[in-house]
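The feature domain 'Palmitoyltransferase DHHC' is assigned by TrEMBL to 159-306. Look at TrEMBL and you will find 7-29, 82-102, 114-132, 204-229, 235-257, 269-288 tagged as transmembrane segment.
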Ligand SMILES: [Zn+2]
Ligand SMILES: [Zn+2]
């Protein structure tokens, strides 16, 4: 197999594994190999591992693994934070080790030595800011303000009390069982940040995502330019044409240049593939959350809407079974529906969602962005509401 195919395979396998692990549970992948790989990576492999431990070390071994699992998955812990720091630290160290000796180079000025350090430092700052900022904790002192800021829509949010915090639950809030607190405009609990993403820190989280996406793109391009500079400085093209009689065309030269680069700079090539794959993932993740911000929805609410729509559909189907198709929104179910059809059917379902969803919190593009950048609880009017309600 030629070298560039090997690199393509490496990129595809890395991409499949990373996407399956991180995104395989998304509804869009349901019933696809991505979801099967996700199940294997998250539960299947673990089940086999538990069986293996049980067979070799007995109950004591199994109990030890289960207590580690409890600590890692059911309690707030800094494991993923440490992994993030290890990834960013190791990646930057490898970049410095392998590429800084070529900067300044043919295509890059010295500014990238300091620019890259600054870019990583800003990334770390955004990480710490998101990790340690208050996501918008709902407490007895501020619950009345949050109840006022986020009225109930009586569709997916109705008047309730948090059974743990023993305070009313404002609309859009959720009790995080890991952080053991109610969080306003709860999006999700982020393991990487070991913090909830909520009303007050969604803006930092978004800045973290876009910055890390740009950081990966910057890294990929910079390393690419280092390698292009190496090709230029080593006069590889000249040597190939003059001494090896290779045709002076991109088509003829490219495989030899790729071969030389993989031999001489394999670490940088692997690093480029890694950064490109991570940048794609971050772009997808950012796009998903940007869409939520622009429509004033949260990850938590997308699940709630799914439940609501399923519940509505069931209601409609029950009506249809009784011969009363009041809304005309039910679709003809076909038991022989092919897998392909059911896959695309999920997109059709979104059309139904558009019809059914009445997101009262969506106040338009600019208002929604404003609400993320300047959350209610950071505005002067928020505390003024308190003096009014007192
Ligand atoms: Zn609570
Ligand atoms: Zn949490």
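Keep in mind that glycine also has a Cβ here, set from the backbone N, Cα and C atoms.
Take the transmembrane segment (7-29) and the stretches 82-102, 114-132, 204-229, 235-257, 269-288: counting Cβ pairs under 8 Å, 269-288 has the most. Sequence-distant neighbours of the transmembrane segment (82-102) (same chain, 6+ residues past either end, Cβ-Cβ under 8 Å): 108, 113, 116, 120, 123-124, 127, 192, 219, 222-223, 226, 229-230, 265, 267-268, 271, 274-275.
Taken through DSSP, the domain 'Palmitoyltransferase DHHC' (159-306) splits into 93 helix, 14 strand, 41 coil.
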